[in-house]
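K.L.:
Pasting a structure below so you can have a look.
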Amino acid sequence: MEVKMGIKLKAVAVALVLSSLLFSLAFSASNDGLVRIGLKKMKFDQNNRLAARLESKEGEALRASIRKYNLRGKLGDSADTDIVALKNYMDAQYFGEIGIGTPPQKFTVIFDTGSSNLWVPSAKCYFSVPCFFHSKYKSSRSSSYKKNGKSAAIHYGTGAISGFFSQDNVKIGDLVVKNQEFIEATREPSVTFLVAKFDGILGLGFQEISVGNATPVWYRMVKQGLVKEPVFSFWLNRNVKEEEGGEIVFGGVDPNHYKGKHTYVPVTRKGYWQFDMGDVLIDGKPTGYCGGGCSAIADSGTSLLAGPTTVVTMINHAIGATGVVSQECKAVVEQYGQTIMDLLSAETKPKKICSQIGLCTFDGTHGVSMGIESVVDEKEGRSSGLRDAMCSACEMAVVWMQNQLMQNQTQDRILSYVNELCERLPSPMGESAVECGSLSSMPSVSFTIGGKVFDLSPKEYILKVGEGAAAQCISGFTALDIPPPRGPLWILGDVFMGRYHTVFDFGKLRVGFAEAA
């Protein structure tokens with residue numbers, strides 16, 4: 001069986017985030033029926049920056065993003081479904097030690113709510129250099145090992161990891177999950193794995209996105225009665241000066257980790273922990289982009305906060321972040337800006353405007369690039385060309401102009417503003433930088449969830465790397481476009497989960513957020 005997979009967000013800037021955010025794990029027992037997994041901080045490894053630079057090819061990143069969030073088709077359609085299990089290993093991740101086998105063989109794994117499989121290197125990985133630098137599972141040394149042998153291939157931006165399924169006991173803290181299916185990787189071709197501080201991944205998503213439909217560790221933990229309640233929760237300590245990195249609690253929540261009450265929203269689509277989100281606000285003012293609703297996922301496997309390029313560009317403009325100039329965007333504004341404004345003023349439906357001026361076709365719900373099935377040609381790995389870029393730029397310009405018209409701006413000011421936004425468009429890698437000295441003047445950015453507004457202040461959405469004159473500040477907002485019907489989709493990663501304690505309620509199929517304590 002072969003399953004196409006994708007890395008999350010492969011951005012050079014994301015790699016810079018690592019200076020204070022790589023973690024290792026320690027376990028602690030409790031007498032209240034909860035299993036606590038304490039997160040500790042590790043120092044940034046310069047080798048990780050090197051690996052990120054070596055792997056930062058824009059086309060690969062774009063293809064990986066497309067595979068990652070399943071832009072083609074529905075989840076679970078076939079064995080060849082596009083599902084995410086691997087990350088950009090340069091991201092800040094929360095990871096720690098588990099044991100596999102009897103007696104337990106120790107492995108460091110990422111605890112990731114954006115995937116659903118357990119994966120570690122195999123002792124049968126003979127021909128991949130990275131395997132020699134990580135712990136490897138040896139089935140011959142485990143009395144509880146059971147052979148499976150079904151093959152699996154995981155594709156991502158710069159190569160593929162392949163291996164096979166096995167079955168054994170998995171120890172997490174003091175709990176032992178019996179007869180757990182996991183992947184033994186026999187091939188790791190990437191330089192990323194060479195310098196990674198972890199061995200594999202333990203996915204905490206739903207079985208719907210599990211490679212080979214393997215039962216996730218969390219499912220077995222619940223079924224075998226190992227936890228008090230079918231609930232787990234994340235508290236991420238974002239104070240870089242403190243050694244403690246946070247805590248994952250299996251079986252419930254720790255009241256010491258949050259203030260007030262959680263706001264819960266139902267899971268709308270099992271796979272990722274996906275839910276409906278309302279509008280995004282900049283400095284308290286609605287952007288209007290998600291006024292009709294957007295989808296979002298809570299994802300511990302992504303360090304930043306990813307969203308549609310249209311809104312991320314508006315945010316980066318508002319906070320003074322510098323991206324890459326988009327000539328296509330400026331060309332659209334120059335040639336069609338006045339026409340777009342006239343059509344908006346005439347109350348033409350915004351979704352139909354770009355098709356009316358000939359830059360997109362309209363499929364009844366949204367604009368579609370003419371003659372283009374997807375952003376990337378899977379076989380050739382190339383972007384679909386200028387027409388696709390012009391359609392995308394037009395649709396963004398419509399949203400931006402509509403936002404300004406709502407604020408009763410003059411036409412000259414609107415055209416000037418949209419041109420400024422073109423300047424702020426992030427590169428295909430998604431990164432944007434800001435001046436470290438201007439944090440105090442930056443606006444808040446807020447997300448509406450369950451009817452409540454969740455604010456992020458500049459110090460919470462800007463990631464500072466380094467000290468003094470050498471310090472660099474990175475916008476925590478990165479661009480990732482997932483088209484309808486699955487998108488627009490926001491990925492609320494560690495930037496958001498650090499401010500808001502997050503509860504993953506498996507029993508009631510809901511996600512909860514409260515201010516972290």
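Each Cβ is built from the backbone N, Cα and C atoms, and glycine gets one as well.
Bear in mind that TrEMBL entries carry predicted annotations, made automatically and left uncurated.
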K.L.:
According to the record in TrEMBL, which candidate from Cys125, Cys290 pairs with Cys131 in a disulphide?
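P.N.:
Disulfide pairing in TrEMBL: Cys131 with Cys125.
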K.L.:
Restricting to the recorded positions Cys125, Cys131, Asp299, which ones have a CA within 10 Å of the CA of Asp112 (active site)?
P.N.:
Asp299
K.L.:
Sort out the sequence-distant neighbours of Asp299 (active site) for me: same chain, 6+ apart, CB within less than 8 Å of its CB, listed by position.
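P.N.:
Correct list: Asp112, Thr113, Gly114, Tyr272, Trp273, Ile491, Leu492, Gly493.
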K.L.:
Long-range same-chain neighbours of Cys131 (disulfide bond), Cβ under 8 Å, sequence gap at least 6?
P.N.:
Pro121, Ser122, Cys125, Ala185, Glu188
K.L.:
By DSSP, how many residues in the domain 'Saposin B-type' (324-364) are helix, how many strand, and how many coil?
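P.N.:
Secondary-structure breakdown of the domain 'Saposin B-type' (324-364): 26 helix, 2 strand, 13 coil.
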K.L.:
Summarise the model confidence on the domain 'Saposin B-type' (387-428) as a single mean pLDDT, whole number.
P.N.:
84
K.L.:
Using DSSP, how many residues in the domain 'Saposin B-type' (387-428) fall into helix, strand and coil?
P.N.:
34 helix, 0 strand, 8 coil
K.L.:
Taking the Cβ of Cys125 (disulfide bond) as centre, how many other Cβ atoms lie within 10 Å?
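P.N.:
Around Cys125 (disulfide bond), other Cβ atoms within 10 Å: 22.
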